[in-house]
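Feature list (source: Swiss-Prot):
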- 35-161: domain 'VIT' (DOMAIN)
- 295-478: domain 'VWFA' (DOMAIN)
- Asn97: N-linked glycosylation site (CARBOHYD)
- Asn127: N-linked glycosylation site (CARBOHYD)
- Asn231: N-linked glycosylation site (CARBOHYD)
- Asn421: N-linked glycosylation site (CARBOHYD)
- Asn508: N-linked glycosylation site (CARBOHYD)
- Asn776: N-linked glycosylation site (CARBOHYD)
- Asn795: N-linked glycosylation site (CARBOHYD)
- Asn862: N-linked glycosylation site (CARBOHYD)
- 116-136: region 'Disordered' (REGION)
- 208-227: region 'Disordered' (REGION)
- 550-571: region 'Disordered' (REGION)
- 1-16: signal peptide (SIGNAL)
Amino acid sequence: MLLLLGLCLGLSLCVGSQEEAQSWGHSSEQDGLRVPRQVRLLQRLKTKPLMTEFSVKSTIISRYAFTTVSCRMLNRASEDQDIEFQMQIPAAAFITNFTMLIGDKVYQGEITEREKKSGDRVKEKRNKTTEENGEKGTEIFRASAVIPSKDKAAFFLSYEELLQRRLGKYEHSISVRPQQLSGRLSVDVNILESAGIASLEVLPLHNSRQRGSGRGEDDSGPPPSTVINQNETFANIIFKPTVVQQARIAQNGILGDFIIRYDVNREQSIGDIQVLNGYFVHYFAPKDLPPLPKNVVFVLDSSASMVGTKLRQTKDALFTILHDLRPQDRFSIIGFSNRIKVWKDHLISVTPDSIRDGKVYIHHMSPTGGTDINGALQRAIRLLNKYVAHSGIGDRSVSLIVFLTDGKPTVGETHTLKILNNTREAARGQVCIFTIGIGNDVDFRLLEKLSLENCGLTRRVHEEEDAGSQLIGFYDEIRTPLLSDIRIDYPPSSVVQATKTLFPNYFNGSEIIIAGKLVDRKLDHLHVEVTASNSKKFIILKTDVPVRPQKAGKDVTGSPRPGGDGEGDTNHIERLWSYLTTKELLSSWLQSDDEPEKERLRQRAQALAVSYRFLTPFTSMKLRGPVPRMDGLEEAHGMSAAMGPEPVVQSVRGAGTQPGPLLKKPYQPRIKISKTSVDGDPHFVVDFPLSRLTVCFNIDGQPGDILRLVSDHRDSGVTVNGELIGAPAPPNGHKKQRTYLRTITILINKPERSYLEITPSRVILDGGDRLVLPCNQSVVVGSWGLEVSVSANANVTVTIQGSIAFVILIHLYKKPAPFQRHHLGFYIANSEGLSSNCHGLLGQFLNQDARLTEDPAGPSQNLTHPLLLQVGEGPEAVLTVKGHQVPVVWKQRKIYNGEEQIDCWFARNNAAKLIDGEYKDYLAFHPFDTGMTLGQGMSREL
C-alpha cells in the first residue's frame, strides 16, 4: 500500500541563505576565490535537512516479525524547509503505527475506519507505476512535513508481517535507503524460534530488482560491519556501517535491502503447535515425502509486446525449467497472441526426446499479434482436464498452469469478470493457476484474482528485472508438490475461529500455517487430524498434543494488545491470528462478486483491522496532534514505538524443551542466559550453562524489604535493587503471606550517572533531565550508552553500553484476587559487561560454576539430567558451588510469567550455604543504596 502523508503544517517557500552557503565549510570559500563570481554564486547550494539517525529494529518471534523504523532529521538552514520520510516495506506487511515529532510537537497516528469523505491530513494514494511502487514485493510509505529553521524532526514507523517459507527458508528483508549518508545508521534484528534455528545466513545488500532466482547467488557473505550472535534458539544480527562504509556501498544513501534467511528445526510430522493465552498457531511443514507427479502446462505470451529481451529471457528460463521436470511428470506448452498455438494436443511424458522437442518449439516462437488471455487459459485447462479424466482414479497427481504475460486482454474475451468466471468454471478447483505479470502495462489485478480463485500464486516482474530469472525462481517454489487435498481438523469443542484449514497443495520448502482460539484455556490436550494425499496413498495423521501449562511456552512480545478477549500479557500468537484472519478476509473480499457478501467481508475485515491497529484498504491513518510531549523526550535517542523485545516462547511438540533464546557472542564460551532471574513470590533461578545445571531458591522476605540483586557499583557502575510488596497467602496455603517485587531500581554510575525506577505502571529515568514513561505505551529512549525499551503492558528492557541487558517483566491482573498484586520479574539477559567482582543475590553467581555430587545417603541417577527422572518426589543431592556443599532437591519451577516450566535443583532455607552470608546481608537501606555489604565484601575474597 502506497501512502502519501501530506501534513498541512504551513508550507513555505525555502530559499538558500548566506548561512547555508557557509555550512559547507571554509574549503568551499577558498575554492570560490579561484572562480568567477557568477560561478561562485552557483556553488552556494541550498542545505537540505540532515539525517542524523536512521535505525531499524526488528524482532521475529516464531516467524512473526515486528519492525520499527526510526529516522531523525535536522534543519540546519535559517529558514523552514520541506522534509520527506520514505520507507519501503514488504507488500505483505501491515503498518501498525506512525508517529511524527516536529520541533516540540508530537503527531500520533491512529488507525480508524476509512470514510468516503476525508478531510484529514493523512492522504492515501495507490500508484501502479514502477517509480512509485518501490522494489519487487514492496510498497512505499511516505510522509512529508515542514521543519522549522534550526529545529529537529523525527519519524517512527512500525509494521508487522508473517514470514512465509519459500524454498526451505524464511526471508526477512529490511530496506536500508535513507537517501543520504547518516552518521548513525543501524539495523538490529532479533530472531527467537523455540523450535531451534536450523540455519541462518545474511545476504549481501541487494536492490530487489537485481535479485534473481536464488540459484547460485548470494555467496559473497554479509555486508561489512555485520555482527551475528547466535545460539540454538536465538539470533541477534546487527548491521552498523560507518559513514565511510556507507559511502563505499552507495554515496547517495541507497544501500539496498538487508536480507536475512533462516530456517527452523522440525521434528514431528504433525507439525509444531504453539499456544499462548488462549490462542494457538500450528506450523505444518512435513519433510522426507516422495514428490507427487505434476501435470503442468506452460502458457507463454508471444504477442508483439514481448519482442526483444523479455521473450528471449523467458525462453532461456523455460529451457532450464524443462530440464528440471521429473520422469513421472507430464507437460505441454502453449504460446498465445491473437492465436492460440499448442505444441501438442495432449500432455507428454518427460523423456530426453520430448524435452528436446519442447525446446525446439519454444525456440521458434515469434512475437506477433494481440493478447487472448481467456482463450489461452481455456485451452490449457482442457488439456489438463482431458488427461486427468483418462488417467484413472489411482493416478495421484497435481495439475498446474504456469501463465506468463506482459499485457492486458486485447483479443477474444476482454471483459475481466467473464474471463474470471470462465476460468473458474473450467478449472472447477482441480487446476491451480500460477501467474507472472511482466512490466507496467500488465493487468496485475486480473492475474492476482486468477491465482486467488484457482489455488495459485502470482508474482510481478518489473520492467527492469530479468524476467527469466524471476520465472525460474517462481517455478522453483512449485516444482516439487508433496501433498494434495490437505485438510487439518481440530475438535469444534476445543477450537473456534480458526483460519483456513483446507489447502489444495503443499509444495516442498513451503509451510502451512493455521491459527485460532482455544475454547478452554485449561485444555489438557489439543486433538489434531491431518488428512492428505501423496504419490502413494491417502494419509491420515492423528495425535493429541499436550497443552498443559508446564508444556506450553510463555511469550512476552511487547506488542500492544489492542483487542482480543484474553487476559494477561501481550500475545504475539494472538496478533498472528488477527494478521492471518485479516488477510483471509481481504482475499475473500477480492474474490467475491456478490455485493452483499463483499460488504459483509469488508465490515469484518475493517473491525478486526481497527481493533488490532492494522492499516489496510478498509482503514486509514489519522495523525492526532499536536499533543504535549513528555518532559525530556526531545533529547531521548532512539525513541520508537518498538514492538517485540526479548521474549521467550516454547513450542508444544509433545515433550518439554529447555528455554534458552539468549544472546551469545561468537567465539566466547561464556553465555549469560535469561533463566537467571527473580520472579513471582519471589522465586530465584540461577543458570550455570557450563555445568548444564539450573539452581533455584526462595527468599522469604518482609514487605518493604529492599533486596540487592546485582551489585557491581565499583567496576561496571551498575547496581540493581528490588523492593518487596506484601499480599495475603492463598487459602489453604503453607505460607502466612506472599511477597512480590513491587519496584526495580537501577543505578548506572558510568559513563554518566543515571537512575531508573521501574514499577508496573511507569518508568522514571533521571539522568539530569527527569523522564516519566507510562508502561501502557511502547517507547524506546536512550542516551549515554543507556537504552530503555518499554513494551506496552509487557516488559521493560534496559540495555547498558551494549554489553549489559536486563528484562523486567510486567505482571498485571485484569481482576486480581486478594492474594495477587501487580508486580515485576527481573531477568538478566546479558551480563557480559558485568565484572568478575559482581555480587548480589543473583550477581554473585554470574561468574561461578557448580557441580552435582551424590547424596551421602545413597546414589542418585541422572543428576545432571532431571528431565529423565520420573515425575514424583524429587531426589536429593549435594551441590558444590564456590567451595560450599549445599544440599539440594530436584524440583520444577515456573518462570516467564508463570507459564514455562523448567527443571532445577532447589536450595532450601533462604538459600542457606548457597549464597554468601545470609539473607539479611542483602538488604539495602534505600532503593538506590550502593553501600558495601557483607556479601560484596566476601565476594572479593573468593
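Cβ atoms are placed via backbone N, Cα and C, with glycine included.
Across all of the domain 'VWFA' (295-478), the predicted model scores a mean pLDDT of 89.
The two recorded residues, Asn231 (N-linked glycosylation site) and Asn97 (N-linked glycosylation site), show a Cα separation of 31 Å. Rounded to the nearest whole angstrom, the C-alpha distance between Asn776 (N-linked glycosylation site) and Asn421 (N-linked glycosylation site) is 50.
Counting other Cβ atoms within 10 Å of each Cβ, the lowest count among the glycosylation sites Asn231, Asn421 belongs to Asn421. All protein chains included, Asn97 (N-linked glycosylation site) registers 23 other Cβ atoms within 10 Å of its own Cβ. In three-state terms derived from DSSP, Asn795 (N-linked glycosylation site) belongs to an extended strand segment. When the glycosylation sites Asn508, Asn776, Asn795 are compared by the number of other CB atoms within 10 angstroms of each CB, Asn776 has the fewest. Spatially, by CA atoms, the glycosylation sites Asn97, Asn508, Asn795 include one closest to Asn421 (N-linked glycosylation site), and that is Asn508. Secondary structure from DSSP puts Asn421 (N-linked glycosylation site) in a helix.
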